[in-house]
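Feature annotations, courtesy of TrEMBL:
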type     : residues : note
COMPBIAS : 21-32    : compositional bias 'Gly residues'
DOMAIN   : 46-414   : domain 'Amino acid transporter transmembrane'
REGION   : 10-33    : region 'Disordered'
TRANSMEM : 82-104   : transmembrane segment
TRANSMEM : 141-163  : transmembrane segment
TRANSMEM : 175-193  : transmembrane segment
TRANSMEM : 200-223  : transmembrane segment
TRANSMEM : 235-257  : transmembrane segment
TRANSMEM : 269-293  : transmembrane segment
TRANSMEM : 315-339  : transmembrane segment
TRANSMEM : 360-379  : transmembrane segment
TRANSMEM : 385-409  : transmembrane segment
TRANSMEM : 421-445  : transmembrane segment
Amino acid sequence: VAGNYVEMEREGGDGEHQAGAGAGGGDGGGAAPSGRSKLVSSLFWHGGSAYDAWFSCSSNQVAQVLLTLPYSFSQLGMASGIALQLFYGLMGSWTAYLISVLYVEYRTRKERDKVDFRGHVIQWFEVLDGLLGTHWRNAGLFFNCTFLLFGSVIQLIACASNIYYINDSMDKRTWTYIFGACCATTVFIPSFHNYRMWSFLGLLMTTYTAWYLTAAALVHGRLEGVTHSAPTKMVLYFTGATNILYTFGGHAVTVEIMHAMWKPQKFKLIYLMATLYVLTLTLPSASAMYWAFGDALLDHSNAFSLLPRTPFRDAAVVLMLIHQFITFGFACTPLYFVWEKAIGVHGDRTGVFRRAAARLPVVAPIWFLAVVFPFFGPINSTVGSLLVSFTVYIIPAAAHMAVFAAPAAREGAVERPPRGLGGWAGMYAANCFVVAWVLVVGFGFGGWASTVNFVRQVNTFGLFTKCYQCPPSDI
């Protein structure tokens with residue numbers, strides 16, 4: 001029956017237990033918990049509601065990038081910084097919606113063919129493969145995995161950068177080694193079902209940090225002789241713009257979050273709601289920091305570095321460290337799934353320790369790359385322009401147009417275009433705009449600017465630098 005969700009509604013109606021078993025990717029065997037242990041597990045461990053998805057999207061979207069947005073404002077200027085946050089927030093919400101539409105289309109078609117996804121987590125490259133074929137799958141797999149790889153790298157770099165501001169007894173490279181080992185423990189978290197408590201706590205942590213930055217900047221007041229000269233150079237302008245592109249391109253894990261939901265069709269507006277909340281954190285904090293410190297931020301990509309040490313700042317640093325551990329897990333879990341499928345253990349009812357051991361090889365290259373490229377801030381823009389631009393903007397918009405190019409596909413579509421958009425013609429126009437804009441501005445100008453800036457960091461500090469942007473005595 002075209003145009004409904006009967007298959008997923010039937011699965012969702014079977015209750016949380018089936019959803020937990022079906023989308024967990026082999027969460028482990030054994031008898032089902034009962035009584036008090038089942039209640040505790042439901043409250044803290046097994047999530048799958050629309051609220052869980054909202055917390056996951058909100059928590060994952062704004063992490064360490066919260067600390068680099070003031071740096072981007074010093075490159076863009078206040079007006080452009082605010083305008084681009086609103087613009088890319090809307091664009092990111094649109095392409096997340098497209099991904100959700102394609103996921104529902106793929107899953108509904110497969111379930112009509114009696115495909116059973118219990119014990120298997122659907123991923124973005126599989127959606128592309130099922131709807132469009134091998135070439136699309138390969139492109140999606142390459143860009144998605146590479147982005148998530150470097151997204152995990154960025155979290156490790158951020159951990160080392162942040163902890164240095166409350167404990168500089170060791171250099172940032174040493175801290176990277178330590179936090180690499182800590183983040184490797186995410187191999188024990190089975191799937192996105194099991195991030196219920198972590199997503200909730202993570203959002204509280206970023207909320208505190210954002211409002212701490214806002215309040216601390218306002219209390220500090222304007223730096224003596226502060227200047228606000230941005231924008232001054234095209235390289236800096238487009239570098240800052242691509243960091244914002246990266247900020248609102250955190251939906252590379254949309255499919256995995258949807259698959260962890262009991263009723264994935266309810267996801268449609270969740271990312272937009274998450275983005276609106278995130279904007280209440282990013283706009284005040286970045287604006288207040290730029291107002292207070294202006295051009296001084298150009299040499300301080302981490303906002304913590306300009307604020308005096310207080311118990312409130314130390315608390316924000318610690319909370320961000322914990323949140324970066326959570327975000328590392330968000331970015332790495334899809335890579336764990338891909339690796340499990342590659343070696344043939346995905347969905348097996350293997351023990352926790354055996355599955356964790358199978359996942360560990362994924363962490364090694366992340367650890368290594370974080371030591372090689374410790375450029376907190378500039379690496380965000382580079383990843384944004386070269387990887388995020390394709391992963392979560394260009395490919396979803398182009399794929400949606402390709403899937404529904406034929407009249408028969410549009411006629412039998414599970415999800416119709418939103419009302420007020422102008423039907424399929426309006427949807428195609430919006431998708432064409434996204435592809436053209438991101439290809440020219442994000443990948444083209446942004447790629448040029450962020451690469452130039454990244455190479456400048458390499459030439460200035462060198463690869464494997466011991467302590468990036470530390471005082472000379474610590475390098």
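Glycine is no exception: its Cβ is also placed from the backbone N, Cα and C atoms.
All annotation found in TrEMBL is predicted automatically rather than curated by experts.
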Contact check, the transmembrane segment (141-163) vs the transmembrane segment (421-445), 3+ Cβ pairs under 8 Å, seq sep 6+: no
Seg_contact(the transmembrane segment (82-104), the transmembrane segment (235-257)) with at least 3 CB pairs under 8 angstroms, min sep 6: yes
Would you say the transmembrane segment (360-379) and the transmembrane segment (385-409) are touching, if the rule is that at least three C-beta pairs must lie under 8 angstroms and be 6 or more residues apart? no
Leading stretch by Cβ pairs under 8 Å, where the reference is the transmembrane segment (269-293) and the options are 175-193, 200-223, 315-339, 421-445: 200-223
Out of 175-193, 200-223, 315-339, which stretch touches the transmembrane segment (235-257) the most, going by CB pairs under 8 Å? 315-339
Any chance you could find the range in 175-193, 200-223, 315-339 with the most Cβ pairs under 8 Å to the transmembrane segment (360-379)? 175-193
Close approaches to the transmembrane segment (175-193) from elsewhere in its chain (Cβ under 8 angstroms; 6 or more beyond its ends): 19-20, 23-28, 45-48, 56, 121, 152, 155-157, 159-160, 163-164, 253, 256-257, 259-260, 321, 325, 328-330, 332-333, 336-337, 352, 355-357, 359-360, 362-363, 366-367, 370-371, 374
